[in-house]
């Protein structure tokens, strides 16, 4: 068994720490707040984020050096906005042989960097050795040992397999991939569509509208991802359509809940205050909107959600705008993607 540090004691970090502890690993869970770490150690629960029993194999820390000293792997599970600061501090203490895995789904708005790119910039690590863990995985269900499947991805497949070995269990099945670009983009961009699904439900629309959002949202994700060099087939996998389905249809989803409040007429600032947790899709929509412009990629749903969030456009007007777009063939997207990928 191995020593693993999990950086980020929110709901997702706690759930992943539980998976690792169940597999017999020695787990160190890092929180940026000393009192939070102390409470976890005293009560063996994380009342603020994920109120379930925490195994004795998990010890919480607030000191980065203590957390990562001598570990075999580090799992980074902090919000996108904290990635650079946390990785800069991590880089001071981490051994060069340690496997670095991240499980954060987002894109930096200004730089348009994916999380793996941010990690590379802040740490002394080769980009090809960074691993991402992604897929349809609500923390609440993972912590309860409900069956869950995810993907670990890295250009260096040996690193991806190391992560696969660390996490695989009877209730947590892990696949591998070498398309880190596609896996990261699928995990990040689906949050935008989940906001849209929540808005749709908040407006009182039914299953037809949600199915349309998921399907056409997937087309947008694949268009942008392929334009950036991702394998289009990755978007048909766990981190693509899998994560899209679970995030768009579950009340566990922060992005769906935020969208639902927006659809009911609440303002963005009030929604974020009411949520009290990071809603990655709000930041990601800015990045995707800019990506679409830069890559000249058609992303009408993303554009509509951007208008609702940042241009104060009425959600019903955006729906009308989407429904009255120019007529087209549904298979145009698939034909273009496959031609770009497989033509000589």
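Cβ coordinates come from backbone N, Cα and C, glycine included.
Its Cβ taken as reference, residue 254 (NADPH binding site) is surrounded by 22 other Cβ atoms within 10 Å in the chains shown. The NADPH binding site annotation in Swiss-Prot covers 11, 12, 32, 33, 105, 139, 254, 278, 280.
Remark: residue 255 (sn-glycerol 3-phosphate binding site) has 191, 192, 194, 195, 198, 247, 279, 280, 281 as non-local neighbours, by Cβ distance under 8 Å and separation of at least 6 in sequence. Secondary structure at residue 255 (sn-glycerol 3-phosphate binding site), as computed by DSSP, is helix. Residues or ranges marked as sn-glycerol 3-phosphate binding site in Swiss-Prot: 105, 135, 137, 190, 243, 253, 254, 255.
Positions annotated as active site, proton acceptor by Swiss-Prot, on the basis of sequence analysis: 190. Here residue 190 (sn-glycerol 3-phosphate binding site) comes close to 105, 217, 221, 240, 243, 244, 247, 248: these same-chain residues lie at least six apart in sequence, with C-beta atoms under 8 angstroms from its C-beta.
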Where the record says 11, 12, 32, 33, 105, 139, 254, 278, 280 bind NADPH, what is the longest distance in Å from one Cα to another among those residues?
23
Neighbourhood of residue 32 (NADPH binding site) by C-beta distance under 8 A, where only residues 6 or more apart in the same chain count:
62, 82, 86
Which same-chain residues, if any, lie at least 6 apart from residue 11 (NADPH binding site) yet have Cβ under 8 Å of it:
46, 49, 50, 139, 140
